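Participant: Structure provided below as structure tokens; questions to follow.
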Amino acid sequence: MIRGRIKHLLHCMFFLLFIFFFLVFAGAINLDDNEKEFIDPWENYGVFGALILYILRLLTLLTIPQVLCNFAGLTLFNAFPGKIRLKSSPLLAPFICIRVVTRGDFPKLVKDNVNRNMNKCIDVGMENFMIEVVTDKAINLPKHRKVREVVVPSDYQTKSGALFKARALQYCLEDQVNILTETDWIVHLDEETLLTENSLRGILNFVMDGQYQFGQGLITYANEQIVNWLTTLADSFRVADDMGKLRLQFYLFHKPLFSWKGSYVVTQVSAEKKVSFDNGLDGSVAEDCFFAMKAYKEGYTFNFVEGEMWEKSPFTLWDFMQQRKRWIQGILLVVHSKEIPLVNNVFLAISCYSWVTLPLSTSNVVLAALCPIPCPQFLDIACGFTAAVNIYMYIFGVIKSFPVHRFGPLKFILFVGGALATIPLNIVIENIAVIWGMLGKKHKFYIVNKEIKTPVTV
């Protein structure tokens, strides 16, 4: 723990220095007495042109709430907690159902991961658990007393007409299907998600504490075989996002202010049944987001679960873009839903619209050089701070995903450089995903490829 605190202190010092030097480099902080050349935007660009330039500059402020939360989450809480220690014996834990929802397209992947996750639970000393696979297509898992396969009937319909993953999740809660008691717990995983001993200890501590009805933890993407280095390095931002705003909103507010992810979700059965996944078409594309905001509306509390789980980034840039497109479409449906009051989704809405306006706000990168405009210093500092924090999140994501002690300093530096090099590509893909998502049909659910094909020698 002491070593982790020292690493956290060094990270905070580097983070603050990075922001400071970035602001100096960007010209937001002037260390000398030289005055900037004054440009009259109204005369140079006309009234209409100047207004457009200032509006585009102000759009970057939409990201301020999540940037501040990421900054606070990465600095206020230890970013290197180390090994999680159990607060009590696993034998005293309530019953835990590890639920995997799949369409059934990757049966080998599901079977392999069920086996791996089963062994990991046994290694930690868990006894009171089972793994439940909910699938649209039969997988025919090997019979085991701690494994249950639930096949969703093709003619099953929810009361509100929920589709896709939400439909399968709701089927599990039906009285004739559900075998869990109100006080049991569910750990929701995607079909590619792998448990770790640290995450299981974190889950056990969370459910034995029992103070909060919902929880979520960190997912990393650079473990074992890396299929696509570009998407994996780009996803280093998501790792930092989990350690930043996700931790802050749960540790400090115990509310999903900015929503949450659909995997590594821990829920109490009674609370999940009351919130339910039966939320119509609008709650079917980003069912995790809709569920979180609905639970927030109904007064349930959340907390961060210590320990990381493993997943893989999309295998192709096409899947990477499709994934982002579905997210933006699904979140837009949640933000515009009449079922979620503005008081509950205000931060999600601001975050969503900062994403929707990404094509406009990123134009500032070019326009700031071609058409400079004088701005108040606070605006320059706010824009510079936003850029610095977002860039540093890629660096921090690499620190968490590719630790120096595992890969050595040379490879680590290459990984950091690689992650920073993916930023322009990531921005382009995000922009395409936003435009496509805004113009395309929103009630669709694209499933990315998750199974590594083993080459066959003929």
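Any Cβ shown, glycine's included, is placed from N, Cα and C.
The domain 'Glycosyltransferase 2-like' annotation in TrEMBL covers 185-397. Look at TrEMBL and you will find 12-31, 51-77, 342-358, 378-400, 412-439 tagged as transmembrane segment.
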Participant: Looking at the transmembrane segment (412-439) and the transmembrane segment (51-77), are there 3+ C-beta pairs under 8 A, with each pair at least 6 apart in sequence?
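Facilitator: As far as Cβ distances go (cut-off 8 Å, pairs 6 or more apart), the transmembrane segment (412-439) and the transmembrane segment (51-77) do not touch.
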Participant: Which one, 12-31, 51-77, 342-358, has the most C-beta pairs under 8 Å toward the transmembrane segment (378-400)?
Facilitator: 12-31
Participant: For the transmembrane segment (51-77), what are the same-chain contacts with Cβ under 8 Å, counting residues 6+ beyond its ends?
Facilitator: 11-12, 15, 41, 45, 240-241, 243-249, 251-252, 257-258, 347, 350-351, 353-354, 357, 360-361, 363-364, 367, 371, 373, 375, 379, 382-383, 385-386, 389-390, 393, 396
Participant: Averaged over the whole of the domain 'Glycosyltransferase 2-like' (185-397), what is the pLDDT?
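Facilitator: Mean pLDDT for the domain 'Glycosyltransferase 2-like' (185-397): 95.
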